[in-house]
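Worksheet for the structure shown next.
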Amino acid sequence: MTTPTTTARPVVRARDVTMSYGGIDVLHGVDLDIHRGEVFALLGPNGAGKTTTVEILEGFRRRSAGEVSVLGADPERGDDAWRGRIGLVLQSWRDHRRWRVAELLTHFATYYPDPRDPAALLALVGLTGQAGQQVDRLSGGQRRRLDVALGIVGRPELLFLDEPTTGFDPEARHEFHVLVERLAREEGVTVLLTTHDLVEAERLADRIAMLVGGRIRACGTPTELALRAAAQAEVRWTADDGTPRRERTEDPSRLVWELHRDADGPIAGLEVRRPTLEDTYLHMVHQENDGTDGAVNGKVRAA
Amino acid sequence: MRGTRVTNEPDTADVDEAPGGTNGPRRPTRRYWRAGLLRGGIELRHLLRNPKEMSGHLLNVVVALLIAAYVSDDVPGTSTPMAHLVLAGFAAYLLFQVGLVNLPQMLVTEREEGALLRLRATPGGIPAYLVAKCLLVVVTAVGTLLLLLLSAALFADGPLPQGAAGWLTLLWVTTLGLLAVVPLGAAIGAVLPNPREALALIMLPTMGLLITSGTVFPITSLPVPVQQVASVFPLKWMAQGLRSSLLPDSARAAEPAGSWELPMVALVLTAWAVLGFLLAVPLLRRAARRESGSRLTARHDKAARSGAPVA
């Protein structure tokens with residue numbers, strides 16, 4: 001490897017992007033860099049500006065200010081050739097209900113210069129058995145997998161996934177994750193994922209950005225973010241008298257060593273819990289709301 | 001002539017230099033036209049297979065035939081059967097309905113479901129969509145028109161154009177009539193809020209025009225101010241033009257001006273066609289531009305709250 005992908009021009013680059021609707025600022029200076037072949041997750045509570053950010057990148061919304069480059073072009077001036085290099089999977093699509101699955105996929109393949117083979121694509125998303133079925137009759141998960149197939153039929157270099165697994169059962173979700181990983185690892189597709197699902201973000205994303213209150217509050221690998229949490233590690237064990245104990249500490253290793261030293265033997269029910277991505281996330285959201293809204297911090301443990 | 005050329009290698013690991021997506025085998029515009037025509041063909045097949053929608057179109061034809069069979073007098077002041085006037089009027093109404101009722105409804109529904117957004121996100125999707133819709137509308141309109149005229153001629157002694165001139169008139173009035181209503185219908189479909197309200201908003205004026213435009217009885221039996229208002233809209237002129245093609249020349253005595261006024265027919269329909277195009281292009285562009293995922297979600301939420309079935 002002579003040129004690592006990170007030195008190349010990023011696929012998505014945003015600098016100081018702001019957005020205001022009727023005097024209300026929704027985004028206050030968002031910066032983003034997403035590199036080729038990367039799975040990038042944008043996390044944030046409802047109303048944080050996720051949708052606005054993604055729609056600006058998709059070219060569906062005009063930003064108020066700032067610089068944006070997606071696949072080397074300004075999305076506001078993206079032409080058909082540019083469109084052809086982008087794939088889109090949205091939550092709300094209920095279109096083409098009367099079409100048959102294979103018919104729809106084959107039709108959308110005709111718009112692209114070098115499409116995937118529709119039959120192979122159906123196999124890839126696990127819809128071969130539904131090829132002749134009417135789109136209307138698909139289950140929610142099948143419909144979403146068809147949306148994914150339609151999103152990648154033109155071999156996009158950049159794929160937008162908007163809350164892709166909402167309403168999936170665990171198995172369908174797992175299969176979907178495998179599919180996204182394959183696209184990114186084997187075919188070098190860059191993926192921008194928006195999600196509420198922290199487990200999904202942690203599982204899929206190379207890097208995660210947390211958008212809270214119209215600002216990127218944190219950005220990094222899942223591990224980096226988890227470590228950045230203000231929350232400390234938690235050590236749990238069962239004391240000699242049988243009562244469960246827990247203690248928060250910056251240095252769990254030291255605490256465990258001390259416990260062992262004092263006990264001079266094995267310790268029942270010993271468990272070390274590292275701060276999780278969820279801790280970081282809730283901490284960010286909590287900070288933003290600053291105690292004004294109790295709803296979101298119901299799960300936040302005292303830090 | 002070079003030797004063999006490898007056009008694509010799908011599974012090589014290092015496809016990092018971004019080809020730019022312009023190495024298509026055909027010119028893009030040709031690909032979009034092809035996609036549009038294919039799309040139109042598929043939509044047409046879906047229409048033919050959809051019993052609900054097909055029965056809607058067929059019902060119009062049946063109603064026209066029943067009314068034509070029911071009326072037995074002649075058009076006042078002529079020896080032309082009233083049934084022929086009714087059939088010519090219904091033929092005009094069919095074109096009018098396809099352009100100004102069915103088309104806007106289709107556009108609003110597909111916009112709401114997200115088809116427009118998907119095509120917007122697809123290279124060449126919007127031009128292909130328009131090509132497909134034109135094909136669908138023209139085939140539907142001409143198909144029902146011919147079905148009405150031929151079945152009327154077969155079963156109800158209905159009128160058919162007299163000679164080449166009559167057929168020619170039928171052709172240009174149909175063409176110009178569609179040009180007058182289809183872009184207008186597209187413009188309406190671009191601005192109407194949602195399918196449920198759209199139908200109510202369109203049907204009332206349409207029914208009003210059906211009654212006041214002299215389609216099912218001679219317009220001269222209506223008060224002059226009503227005639228004047230109806231004369232502003234295309235339906236009156238489409239019906240008059242089709243009568244000139246389908247009815248014997250002597251029947252023009254029953255027309256308000258005592259003649260077919262074909263130049264006026266052409267003029268009014270052309271004016272509506274121009275107006276329709278002027279409105280449709282920016283409005284459709286605006287409708288497509290405004291589509292985005294969040295708007296789609298908002299509409300679905302709203303529809304769900306108002307109790308509409310969300311599949």
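Using N, Cα and C of the backbone, Cβ positions are placed for all residues, glycine too.
Residues or ranges marked as region 'Disordered' in TrEMBL: B:1-29.
Positions annotated as compositional bias 'Polar residues' by TrEMBL: B:1-10.
Feature annotation from TrEMBL assigns domain 'ABC transmembrane type-2' to B:52-287.
Positions annotated as transmembrane segment by TrEMBL: B:54-71 (among others).
Per TrEMBL, the feature transmembrane segment maps to B:83-108 (among others).
Per TrEMBL, the feature transmembrane segment maps to B:129-155 (among others). Within its own chain, the transmembrane segment (B:129-155) is flanked in space by residues 32-33, 36-37, 39-41, 43-44, 47, 57-58, 60-61, 64-65, 68, 87, 90-91, 94-95, 98-99, 102-103, 106-107, 115-116, 119, 174, 178, 182, 185-186, 246, 284, which lie at least six positions past its ends and keep a Cβ under 8 Å from the stretch.
According to TrEMBL, the feature transmembrane segment maps to B:167-192 (among others). Same-chain residues lying 6 or more positions outside the transmembrane segment (B:167-192) and placing a CB less than 8 Å from one of its CB atoms are 92, 95-96, 98-108, 111, 130, 133-134, 137-138, 141-142, 145, 161, 198, 201-202, 234, 238, 241-242, 244-246, 262, 265-266, 268-270, 272-273, 275-277, 279-280, 283-284, 286-287.
The transmembrane segment annotation in TrEMBL covers B:199-219 (among others).
The transmembrane segment annotation in TrEMBL covers B:264-284 (among others). Same-chain residues lying 6+ beyond the ends of the transmembrane segment (B:264-284) with a Cβ under 8 Å from its Cβ atoms: 126, 130, 172-173, 176-177, 179-187, 190-191, 231, 234, 237-238, 240-241, 244.
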